[in-house]
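Pulled from Swiss-Prot, these are the features on record:
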- 510-550: domain 'EGF-like 1' (DOMAIN)
- 651-695: domain 'EGF-like 2' (DOMAIN)
- 699-751: domain 'EGF-like 3' (DOMAIN)
- 1065-1188: domain 'Fibronectin type-III' (DOMAIN)
- 168: N-linked glycosylation site (CARBOHYD)
- 770: N-linked glycosylation site (CARBOHYD)
- 783: N-linked glycosylation site (CARBOHYD)
- 1020: N-linked glycosylation site (CARBOHYD)
- 50-206: topological domain 'Lumenal' (TOPO_DOM)
- 228-434: topological domain 'Cytoplasmic' (TOPO_DOM)
- 456-1339: topological domain 'Lumenal' (TOPO_DOM)
- 207-227: transmembrane segment (TRANSMEM)
- 435-455: transmembrane segment (TRANSMEM)
């Protein structure tokens, strides 16, 4: 096999390119040694330092970096495969592409596709260093390997690579050490403690020597600076000109591929590979890496010739390239580059053309005849890289040696030997003499040599494979050494492969299960033993892509994206954001999107503009070139929906003839749609399981479900026209029977005609659901709607003798237990409670009477406890369960739930019940009637019927007989009763004349235990799908999926504002606090938290309150808005408003409350409440309109003032007395004035009423000023102020004052969950002053 050519990469990472010389010339500029001294004092990088010191060290000691590029052309040619996409001009700019183009004419299948060129690879690197794959080549370019070797020259010279085409169609590439290196590795001693001690001592010695040298150089530097400060520059001096060029170093390039004639190739193969043994039985080509050379002058050609012949002993084709070290600002070098670039293309094309002609004619070519330009640049077209080639010149090699040189054409590229220099004409006198400069230079060289000897140069080989996309086939293998890895960061389209690692060349291979996951690499964690992926805490595997991780714990970060943070300005001095917004976002709510598997629904802003209010304060101007806008509009196409994008590809079917190829009752649709082949079902129909037609799943069965539609014998199909669309039809499927059989009443099973009995003597067929005793136990139950479904879950059989007293035979599987006698016929009267339904909306509250009250009276009898002992699934339910699979859609499962329910009843209470609700108009009326009932039943003890009479019977008697009391208390009482079942005649508490029944049929009263229907499903996958659909129907309205404790809505479940609404935000019900009745200045409100356990998350409640008077425009006056979370719980509210939170009867239910303590008496107030969720939605409003209690009145003081006014008015009233009476009446409040008038008229009306006397004594003007204040008293308060007695009292009511423990950051949008807010509550006593109104004292 011909040895593949190689080249040294001239990239910037190479340590050979641009290596500075350390060969000094007489009279150097004085600043160069000083600069070199500072560079040497700094710790240099290992590779750069090693290359810098290469001139003054031994050839085998410095660190080297070499890059070799190996073409795969010879191996691919031997495989006799066609390289797809190669054409004559494909490789005009790349050597690999040209070679592929030259090889393609003689290869079969050159017009194949890229997929046909996939190859199996087996890459093995026994040396430390990673393997990288980059699919950065075009399909017309030839794949190649790049070896980047770092280490000493002795180690690099032992590196070998082998490339071979295996018989099984695999391209094998192996990088290893030579036999001596392998032997050294295999026989290395296991215990190296003495050598390590010696190395440590030598290391300490070297550090000491280096420290002394550094101190010496520092002293020389200080001495030089002192001399420089004492000297002065000569008066006549010139500024030196910059050097036009410098001495350049040598670097070696390997040709990517050299095309040889057949005789030379055969002679080379026979002479080179006879002494080598193949590992697998096929000749393996083997190319050693050349050593580097030392620093040498260009004026010594014989030394160069000797070096070249030393390299040629390995039988390789080499090239010496001269690359100058240019300085910034050299105009001549730039000019040379520009001039050389013009002649580059012609020379490269002519060279490649002669290569192709030589290959076709099988004759060698004399490359030395070509006259290339001084420099050339070749840029290979790559997807992600573009490398410039160094300038070269071509000629015949001189002084070659070796047996191979006589048998084949030897191609050697080398650079020119001389470069012109431009000397400086200016002379600058240096203050440092030559002796000091020489000392500094020698010390620098010694220091560099010592530093270089201390550097560790381990041997590493990085193998990079450059291939076209989809070149590597699945099943390829890679082997790396322990500690190395496979780099696929630049592999855009990786293949499935096997990855192994080994400790050394003789150790067994260990499979790296995690590293070989190229197509589905684990995002976070990977188990090295199994290769399975896992996630960090707070993350969970993606449901679809198990190797990816999604957030499972979002903490406080859920909610809309905080775009408002971006809208505000930022002060660099203070480091804070300004409260005013500089920018304004324009949102398009229809383009909202979910963050991937998260709780956040994001509405991105479609435009960002300057806020009009801030435009006057800022100097920001946003402009855009109209030409750019037009060009962008011309070059881009916008599609509103995905269907618009699909429709741009044209029709999917031709529906003009033969229904577009759609079968049966499918309709042909020419428009392209997502997941549609063009054949769709008519509306309200769905395809059959086998896809042969469309049917109505709510009315028929599916004969193609795999279970014969649940039919016992025949499943028949019939095509019927749709009633709402005459052009469409549906396939109706039903069960049938063969001859001598008849369809059973269940519609699916068949009965023999001989066994069918008809007539009055035959057994009655299965009765209907409503006529079956305890039939609810055999049917499904919807736990959300609290209703029993018609779908029968369990089979109703009467094979066992299941009897109970006073009832016919019961169905099998039912266990009926009668309750004890002491629990039968018991009347229960609840405690009187405020009527919550009357504490919301427009409230008519009378502080003299109190809250409206309600009581409940309940009597239960004929009670039975019913349980399911054994269950047998019904045939229809079993057939439906067989149809359901884990792939069943949510719509199918929801249809099942709608028909059969979500649970079945396992235990329930049956019997009869009488429930009566007693509504009292006020708390005062309820208390008086209760006292009256107790008094009469106690005093009339001789009448047994009254003594044992229930309270409900006593009230009913009062309402029936119209035995009204003096104060008409019973007039506002209302009794509403509801009866379930029939009351037995044995219960005197509920029986009614004419409606007694000895053994009434018990009805369902209470469900004690339910079991989900998915427990009846055996398959775990189907069970999980059913559970998911059940959760969706319960919490997400069947339009979304439940994830943790929230709903991810479908794309169709969005409201008009573009926000998800599958989990509706319920309306909170604002009401007066039942435990704290309003006073003249204090009102307490409360509401139940509407946040469900799963679904919508409430972020805040907004409470608005305003005073509504006759003279107030309610539309213009909006009142005051308070945020429950930000204003009340955070403590920002005033002392007049406080927040609280308590729990209801169930601990999971939270009740929020707000107390207002500074309201005006006798004022009409309107309170409004709405909820805000974490996505910015607002619930519907809930309002409470209430007039506060009348102002407090001191009745004793009012009576004293009335007596004082009478005394002033009595007899002759002087001017002083008139003024005193006027001042006294004007100082009191309007309510006190009204009460003074009441007392004056009650006591002294016979001497003239208050109005007439005031006008007579004070005059019309002053009397009008006083009496006009009485108009401010409302009609409600005026009626109460006319009461005979008014007593003042102070009540002390406990109240929970709560405050948030969390401090919210200022200037940030806060979207937290209110229920999760940590608050601390403290119980305090609230004093409330009230007036008690009555006709007599003490009542």
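Here, residue 1 is simply the first one shown, and the rest follow in order.
Cβ atoms here come from the backbone N, Cα and C positions, even for glycine.
Shown on the structure are the features that Swiss-Prot records.
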residue	record	Cβ contacts under 8 Å, 6 or more apart
168	N-linked glycosylation site	120
783	N-linked glycosylation site	901, 902, 903, 1010, 1034
1020	N-linked glycosylation site	none
**Fill in**
Across the domain 'Fibronectin type-III' (1065-1188), DSSP labelling yields 6 helix, 53 strand, 65 coil
**Request:** Give the residue counts of the domain 'EGF-like 1' (510-550) per reduced DSSP state, in the order helix, strand, coil.
**Result:** 0 helix, 11 strand, 30 coil
**Fill in**
DSSP puts the residues of the domain 'EGF-like 3' (699-751) at 3 helix, 26 strand, 24 coil
**Asked** Along the domain 'EGF-like 3' (699-751), what average pLDDT does this model show?
**Response** 86
**Complete:** Counted with DSSP (H/G/I as helix, E/B as strand, rest coil), the domain 'EGF-like 2' (651-695) has 4 helix, 8 strand, 33 coil
